[in-house]
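Visitor: Submitted below is the structure of interest, expressed as structure tokens.
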Amino acid sequence: MDALCGSGELGSKFWDSNLSVHTENPDLTPCFQNSLLAWVPCIYLWVALPCYLLYLRHHCRGYIILSHLSKLKMVLGVLLWCVSWADLFYSFHGLVHGRAPAPVFFVTPLVVGVTMLLATLLIQYERLQGVQSSGVLIIFWFLCVVCAIVPFRSKILLAKAEGEISDPFRFTTFYIHFALVLSALILACFREKPPFFSAKNVDPNPYPETSAGFLSRLFFWWFTKMAIYGYRHPLEEKDLWSLKEEDRSQMVVQQLLEAWRKQEKQTARHKASAAPGKNASGEDEVLLGARPRPRKPSFLKALLATFGSSFLISACFKLIQDLLSFINPQLLSILIRFISNPMAPSWWGFLVAGLMFLCSMMQSLILQHYYHYIFVTGVKFRTGIMGVIYRKALVITNSVKRASTVGEIVNLMSVDAQRFMDLAPFLNLLWSAPLQIILAIYFLWQNLGPSVLAGVAFMVLLIPLNGAVAVKMRAFQVKQMKLKDSRIKLMSEILNGIKVLKLYAWEPSFLKQVEGIRQGELQLLRTAAYLHTTTTFTWMCSPFLVTLITLWVYVYVDPNNVLDAEKAFVSVSLFNILRLPLNMLPQLISNLTQASVSLKRIQQFLSQEELDPQSVERKTISPGYAITIHSGTFTWAQDLPPTLHSLDIQVPKGALVAVVGPVGCGKSSLVSALLGEMEKLEGKVHMKGSVAYVPQQAWIQNCTLQENVLFGKALNPKRYQQTLEACALLADLEMLPGGDQTEIGEKGINLSGGQRQRVSLARAVYSDADIFLLDDPLSAVDSHVAKHIFDHVIGPEGVLAGKTRVLVTHGISFLPQTDFIIVLADGQVSEMGPYPALLQRNGSFANFLCNYAPDEDQGHLEDSWTALEGAEDKEALLIEDTLSNHTDLTDNDPVTYVVQKQFMRQLSALSSDGEGQGRPVPRRHLGPSEKVQVTEAKADGALTQEEKAAIGTVELSVFWDYAKAVGLCTTLAICLLYVGQSAAAIGANVWLSAWTNDAMADSRQNNTSLRLGVYAALGILQGFLVMLAAMAMAAGGIQAARVLHQALLHNKIRSPQSFFDTTPSGRILNCFSKDIYVVDEVLAPVILMLLNSFFNAISTLVVIMASTPLFTVVILPLAVLYTLVQRFYAATSRQLKRLESVSRSPIYSHFSETVTGASVIRAYNRSRDFEIISDTKVDANQRSCYPYIISNRWLSIGVEFVGNCVVLFAALFAVIGRSSLNPGLVGLSVSYSLQVTFALNWMIRMMSDLESNIVAVERVKEYSKTETEAPWVVEGSRPPEGWPPRGEVEFRNYSVRYRPGLDLVLRDLSLHVHGGEKVGIVGRTGAGKSSMTLCLFRILEAAKGEIRIDGLNVADIGLHDLRSQLTIIPQDPILFSGTLRMNLDPFGSYSEEDIWWALELSHLHTFVSSQPAGLDFQCSEGGENLSVGQRQLVCLARALLRKSRILVLDEATAAIDLETDNLIQATIRTQFDTCTVLTIAHRLNTIMDYTRVLVLDKGVVAEFDSPANLIAARGIFYGMARDAGLA
């Protein structure tokens, strides 16, 4: 380098330490300034260029139009190039004229000139690639300015010293160069306009990071606008940014799915290659037999393949940050030596202070960008896992559903996916922690020599303990997750059947079950927490113990080893660095343990079998046929016997085919087979054209009526009007508060069963499909509506005429109008053909018609089929009881098919006017000008209130509530213990400072024992106090979890039915799962970390102020800055967290809704649409999640700047006051300041996390304080023993509405039912029949009037005293998972003989006795492994056991075939002959022998007399009887 400078004007030396270091006025040599210093920016740009060009090539955002800013940048670049070339030509000019400049004057202008030309070209290339702000060029211009500052100062000082400018030309060109690069730097900080095709031009609220400048991205300033806005106004969903394209669910899930499919293909190839050949020799067979089991697809590998690159980038940031963290201890060492050396130049100390600040700022920036990458990757983890699970849940087979309930799958989507998100920030610790430990040990070795090996040995001894804790924690985690799954599953069942629990007064039994599971869950949590606290002592003490052991060995191993300030506090700083990886290792192990459990669960679910999309072939089939089945054999699961055998069916195109047969013969299974829902064992199935499907029990979405009908299709007003008219929905629209924009509510809760079925049918009609599969759609409506629907929709004259229709039905009167009939028996086709042909055969079908057709028609059946052509439906609607829902379950399938009815509440709750239409359904034709109005929903059209995020700060009462739940004494004790541990920590370090000063006084060795002993005692005391605080917090946290869950559970179990009608079950379950999870496992650790960081920060500031009192001057401005950042951050992050919490519930509600309707979704080929809807809901959640992550980074930059200023001022004041400070105090002060950044940052983070997570307590308390129903027992007003003795029921001027503000559904009802009377209750749909029974049980409370039973006002007694004395057999039979005995007798009140007697009378004895488990036969969730008919018989057995004086039948036999119905009616007449029986009936023939019949019309008594008198009066009842063929 000296040769480049020559020996002339620049001198001959490249470096001169006397000029640059050992002086009070340092400078660099002219040679250094004109060579290396000028080349540094150029070297940087040329080194960065290849990678940057590669990046630009693969990240083109579209070109930016040439702007004035871009032109100005270009001009500056050209001018800089010209200045460099002017310097070069000036050197050549000197050479020509014999002055021979130094070689550097040729090389440097050439290098700088070419580099400036490169920078100019790069500006243009960046513009063409859409770069708005170039980080590479900003750094380049910044380096140019920084490197020019030294010669800028030197030239001025030289000119001042010499009194003249020695080289005017180069002096001038240099300052022109400086002005130009400074201008270029300033211009580079301004952003260009967005690219021509940028999303910002069309997106109203684009993600600001994409268009932010480099400095804004570097310091996260682009978030400041939201922080200020969030401080001034509570953030709402509309204020949130759109997501970047790469962060959207669709892209993330697709990438993960592709990686998972690749894993599955690799596994399939591996299995294929591992399969032994057919002709293997004996030796080969031995070898093959020893092969390992075939491997399974690895979800972990799929995750790494998808997100590995993000982890690699974050790992680079982490590596740089880890290396930088070891620079400050070395700078501290230099600073202490500087303090110890009074002869050292002052600028050394200021330089060290500046370098410590600069190093700390670089650490902060790099660490925050690392966290940004890693947390974003964590969110992508969660997004991808949720999306993959959602897609898998849409295609799992029925055999898988018995193993995976909706509750378990929701846990996979919520808890397990969240655990992967929580794990992401810790993953890099797998390599980072060992690296930091190794580097710390290396530098400690440099400082203390071999003595450090003693500390290392101690750390190695901790590893087995760590492993043992990990094993135990994993075992606890597995057990706890199983219990949590059981609790969530049971809670979903309780929500599903809450109405039944209330009707039977069974809440205490299920309350006891939930509390039993919860007790086991809390016991495991308590054990795990105590195990964790015992290790807390070890981990808290381990860095200190390592320090102590190392120092002890150091001072005792060699008498010449003296512990001075440099060795002690540099070692303490290194041990503080060591503390972080050691302290994070337990959290890493805990998170890895939890994630490994979750990984296994997710992988197991994703590896389950899927439905075969090729089981139903869509290719062209036999000409003229729409459906063909050839030799078809089907089963619901591979391990079960076939349900359908050897089917050979051909359905002509455009035909109307009826499928009939007895209960359990496989009618609904046939529909399922056609949909591809069953597993095909043999044969072929062909279907040509699109399919529409109407399940036996309607599946309704939680959206408007119109959206349910359109089902994703575009609105065609004419077809929409025709559909509503044909499905008899027009009159309903007039009654619904919001017309067709009325929100139907979750599971259609504000519609009657008939209305839900007609909406489901309307969905199929509007779809305009080619093939319609109708699974008994007429069973849920009365005979008049059924006839209307058949005539105008299904029949030969209906809107579906000409379409292929497969109708499962028991409506005898409709059969003559079908093209042909398929008769099933025992899963096989027993007869098939047109109606007349089947009659002529005189087979089982003809015999059945003769037995069960109405009397007046029997004589005509054998004459000709035309005699029945115009017959009315006689209300003999045999409801196929095989599938309780769309197609997922078969009649005789014993498998626990639990998914289908999870989260379902089969409610009879109706809209404000009851169940639907209140008058006959005439054929209503629309005039040309009459249209169904498609308008915005009326204000009262919404049923479910949208969940709103709370605004403002969390009320102090919420913190107080949690403190009371923990225990006030416990809370106080925890705080005092932390005060004690902080005092012990300060004492230990002050004692160490005094110990190091002994070296200056040359104290004797015998003083060392005292110093070491006190230091050890204080350190161990600190760890012991922290352990006690952790144990107290663990005990208090578990206590709080118990109290809060108990309050929530008890309130919800006592909530009125109206609460469940208007609150989505997903929202309630989210509270029981996610919010309780936060209370159980998140809050206590967050509080501990907050206390730890708070007392650490206070301790640091106290120590620094005590060491350097001058520091108090800057405390106030730094505190103001800190408070400002905290205030802006807290307001914004709190609201973002609330928005995230609120937007999470719809994800789970939609998921449960999707799984419930999976068969319908697949039938309509809308799986992809629902995946998009799910992705949209997840994206809505992410829109608050990403800003929340950025808010933490924005906070950290601000807070760590404050912390780094503390480091700067601590070092500066130590330099300024070095004459009055000893090295021990300086070491103590600065080493403490190096910790304050982390403590201050962590304190705000934990404060925010606490406020964010305490929202869970807020929600739990909110749901724990909702209005409850009346007391179960009123001690002062209990009915007498044996009440009611007679069973008299009297309504006195009784009126009722479903909720405040709605219209009355019963108006001034007055009637008297005598004891022992049999009263039938009839009326058109929506008349208020079911409402009347709900009032009797006080599910609905009176708006006016009263109900008296045996003279006692039911409003005066407790609900359980009332409900336990009444019995209902509901319309929708609900069973719970558990034994049959539990479903009949949850309290264990009856003997086994009584239960068998009830089963005998309810015609279930044969079935139950044939089961190996007998009464312990396990019912699946919802009783789905029993047919609907069998479940209804179980409800009859319940009624027989209760033996109450009043029995209510709510269309109880609607799901039973006629033969079973006759048996049940006979049982009721004999066993309840002395009881008062109230029957809501669709089949009028079942009540014709009743004492009286009550006819309701629009909530009032229209007729009330004996059936004979009512028929004679020729009123409403007469009309209904005539329609049914009974009059």
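Indices start at 1 and increase along the chain as displayed.
Placement of Cβ uses the backbone N, Cα and C atoms for every residue, glycine included.
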Visitor: Of Ser844, Ser908, Ser1310, Ser1409, which does Swiss-Prot mark as phosphoserine?
Guide: Ser908
Visitor: Among Asn1007, Asn1425, which is annotated N-linked glycosylation site in Swiss-Prot?
Guide: Asn1007
Visitor: In Swiss-Prot, which of these is labelled N-linked glycosylation site: Asn18, Asn279, Asn750?
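Guide: The N-linked glycosylation site feature in Swiss-Prot corresponds to Asn18.
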Visitor: Does the record in Swiss-Prot have Leu66 and His97 facing the same side of the membrane?
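Guide: Membrane side for Leu66 and His97, as annotated in Swiss-Prot: different.
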Visitor: In Swiss-Prot, one of 324-344, 534-554 is tagged transmembrane segment. Which stretch would that be?
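Guide: Checked against Swiss-Prot: transmembrane segment maps to 534-554.
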Visitor: If you check Swiss-Prot for phosphoserine, which of Ser7, Ser779, Ser911, Ser1065 comes up?
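Guide: Checked Swiss-Prot: the phosphoserine annotation sits on Ser911.
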Visitor: Which is it, of 493-513, 577-597, 1438-1458, that Swiss-Prot names as transmembrane segment?
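Guide: The range carrying the transmembrane segment annotation in Swiss-Prot is 577-597.
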Visitor: Give the distance between the Cα atoms of Asn18 (N-linked glycosylation site) and Asn1007 (N-linked glycosylation site), rounded to the nearest whole Å.
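Guide: About 43 Å separates the two Cα atoms.
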Visitor: So among the glycosylation sites Asn18, Asn1007, who's got the most Cβ atoms within 10 Å?
Guide: Asn1007
Visitor: Cβ under 8 Å to the topological domain 'Cytoplasmic' (1043-1085), counting only same-chain residues 6 or more beyond its ends: which ones?
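Guide: Residues packing against the topological domain 'Cytoplasmic' (1043-1085) from afar: 407, 410-411, 414-415, 484, 487-488, 491-492, 494-496, 498-499, 501-502, 507, 510-511, 514-515, 518, 521, 525, 529, 702, 745-746, 749-750, 903, 905, 907, 909, 943-945, 947, 962, 965, 1033-1034, 1036-1037, 1141, 1144-1146, 1148-1152, 1250, 1253-1254, 1256-1257, 1259-1261, 1263-1269, 1272, 1298-1299, 1334, 1339-1341.
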Visitor: Considering pairs 6 or more residues apart, do the transmembrane segment (1086-1106) and the transmembrane segment (1223-1243) have at least three CB pairs under 8 Å?
Guide: yes
Visitor: Six or more residues beyond either end and a Cβ under 8 Å away: which residues meet both conditions relative to the transmembrane segment (33-53)?
Guide: 1, 4-5, 10, 14, 102, 104-105, 107-108, 111-112, 115, 118-119, 122, 125, 136, 139-140, 143-144, 147, 150-151, 154
Visitor: Please give the sequence-distant neighbours of the transmembrane segment (1223-1243): residues at least 6 beyond its ends with Cβ less than 8 Å from one of its Cβ atoms.
Guide: 328-329, 332, 335-336, 339-340, 356, 360, 364, 564-566, 568-570, 572-573, 576, 580, 989-990, 992-994, 996-997, 1000, 1089-1090, 1093-1094, 1096-1097, 1099-1101, 1103-1104, 1107-1108, 1111, 1122, 1195-1196, 1199-1200, 1202-1204, 1206-1207, 1210-1211, 1214
Visitor: To what whole number does the mean pLDDT across the topological domain 'Extracellular' (1-32) round?
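Guide: Per the prediction, mean pLDDT sits at 71 for the topological domain 'Extracellular' (1-32).
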Visitor: May I ask for the residues of the chain that lie six or more residues beyond the topological domain 'Cytoplasmic' (54-73) and have a Cβ under 8 Å from a Cβ within it?
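Guide: That would be 123-132, 184, 187-188, 190, 192-198.
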Visitor: Reported in the order helix, strand, coil, what are the DSSP residue counts of the topological domain 'Cytoplasmic' (121-132)?
Guide: 8 helix, 0 strand, 4 coil
Visitor: For the topological domain 'Extracellular' (154-171), find every same-chain residue at least 6 residues outside the stretch whose CB is under 8 Å from a CB in it, and list them.
Guide: 9, 27-28, 30, 33, 87, 90
